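Participant: Below is a structure I'd like to ask you about.
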Amino acid sequence: MKVIVIGPRGKMGKLITQVAASRDDMKLVAGIAPKGRDYVGMDLGTVAMTGSELGVPVTDDLAGVIDSCDVIIDFSTKEMAMEVLDLAIAHKKALVCGSTGFSAEEMKRFEDAGKQIPMLYAANTSKLVNIMNKLLELVTTTLKDEIDIEILEMHDQWKKDAPSGTSKEMGEIMAHALGKELSNIAVYGREGESPREPGTIGYHSLRAGNIPSSHTVFFGGMGERLEITHHSYNWECFARGACDCAAYLDGKAPGFYSIKDVLGL
Ligand SMILES: NC(=O)C1=CN([C@@H]2O[C@H](COP(=O)(O)OP(=O)(O)OC[C@H]3O[C@@H](n4cnc5c(N)ncnc54)[C@H](O)[C@@H]3O)[C@@H](O)[C@H]2O)C=CC1
Ligand SMILES: O=C(O)C1=N[C@H](C(=O)O)C[C@H](O)C1
């Protein structure tokens with residue numbers, strides 16, 4: 001598969017480039033940087049520190065190179081994601097997007113793109129997080145209104161969005177298991193807020209240092225509680241998952257795919 005990576009100097013883009021460069025089933029054809037960066041024109045391997053040159057450039061012109069790829073992997077920003085999406089549709093290219101922080105309308109655009117291209121959106125590409133989501137579904141479906149549900153997520157100080165895309169996805173999965181709309185979800189924990197409202201799901205976001213990613217879901221019962229937690233020690237699990245998602249799209253018909261399809265969950 002011929003792969004273009006967006007943002008190869010970013011935290012995720014760099015790791016994705018490194019993982020893709022190490023895979024036999026992938027060939028990197030370009031990396032895309034924001035306009036005017038001083039590393040535009042340099043070798044992608046040098047920019048993403050893969051350990052050797054890859055013989056392909058970093059460019060700031062996605063439109064100029066998009067026809068050379070089979071799939072684009074985009075973990076950049078929500079603004080860039082929309083530009084990439086439009087170009088992927090126009091050039092009929094498969095797209096994996098792992099960026100987070102989108103509105104419901106923007107998410108609908110990804111879903112609609114599935115009518116024209118193989119489109120995979122994953123707010124979290126870790127295998128274990130997606131297995132954790134199945135556990136959350138099981139607990140919620142079993143206990144329904146007997147428990148209070150609170151989600152705590154921790155990330156690095158640079159993360160732009162809150163709550164994380166993963167916790168929003170976890171909230172959606174559990175709201176669905178409770179037969180509720182996402183609008184029943186509330187955010188607690190700030191000064192002056194009222195006590196917990198029954199039947200809601202609470203979100204708590206913590207940002208500090210270089211914490212890679214942690215998500216804990218608290219199921220609060222009477223006299224007991226269950227906590228289910230995923231910790232990542234670094235971002236490699238997400239980069240490996242991103243490349244698995246791209247490989248999954250190889251030869252696929254247009255459709256809106258999820259990481260559950262990749263993992264068979
Ligand atoms: N789905 C998942 O499993 C994961 C998702 N993420 C998400 O991925 C996104 C990126 O996260 P990080 O790598 O931590 O951010 P980062 O800030 O380290 O990297 C973002 C990259 O995007 C590039 N970029 C921004 N605008 C661009 C443009 N117009 N053209 C080309 N490149 C552009 C930047 O230059 C930078 O290299 C976030 O939304 C984050 O939440 C992060 C980790 C895992
Ligand atoms: O920004 C991150 O780091 C991560 N972002 C994703 C999210 O918003 O859920 C996935 C993971 O938590 C790492």
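The backbone N, Cα and C atoms fix where each Cβ goes, glycine too.
What TrEMBL says about a protein is an automatic prediction, not a curated fact.
Relevant sequence annotations retrieved from TrEMBL are reproduced here:
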- 1-124: domain 'Dihydrodipicolinate reductase N-terminal' (DOMAIN)
- GLY7, PRO8, ARG9, GLY10, LYS11, MET12, GLY98, SER99, THR100, ALA122, ALA123, ASN124, THR125: NAD(+) binding site (BINDING)
- 129-263: domain 'Dihydrodipicolinate reductase C-terminal' (DOMAIN)
- HIS155: active site, proton donor/acceptor (ACT_SITE)
- LYS159: active site, proton donor (ACT_SITE)
- GLY165, THR166: (S)-2,3,4,5-tetrahydrodipicolinate binding site (BINDING)
Participant: Can you name the residues of this chain that are 6 or more positions from GLY98 (NAD(+) binding site) yet have a C-beta less than 8 Å from its C-beta?
Facilitator: MET12, ILE73, ASP74, PHE75, TYR121, ALA122, ALA123, ASN124, THR125, PHE238, ALA242, CYS245
Participant: Which of THR125, THR166 (the binding-site residues) has the most other Cβ atoms within 10 Å?
Facilitator: THR125
Participant: Pop the Cα-Cα gap between GLY7 (NAD(+) binding site) and HIS155 (active site, proton donor/acceptor) into the table, whole Å please.
Facilitator: 20
Participant: With a 10 Å radius around each C-beta, find which of these binding-site residues (GLY7, GLY165) has the fewest other C-beta atoms nearby.
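Facilitator: With the binding-site residues GLY7, GLY165, fewest surrounding Cβ atoms within 10 Å: GLY165.
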Participant: Please go through the recorded positions LYS11, HIS155, THR166 one by one and keep those whose C-beta falls under 6 A from any atom of ligand 1; give the result in sequence order.
Facilitator: LYS11
Participant: Given THR100 (NAD(+) binding site) and the residue listed as 'active site, proton donor', what distance in Å do their CA atoms have, once rounded to a whole number?
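Facilitator: That comes out at 10 Å between the alpha carbons.
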Participant: Return one of helix, strand or coil for ARG9 (NAD(+) binding site), based on DSSP.
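Facilitator: ARG9 (NAD(+) binding site) sits in coil per DSSP, no helix or strand.
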Participant: Around LYS11 (NAD(+) binding site), which residues of its chain at least 6 apart sit with Cβ under 8 Å of its Cβ?
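Facilitator: Non-local contacts for LYS11 (NAD(+) binding site): TRP235.
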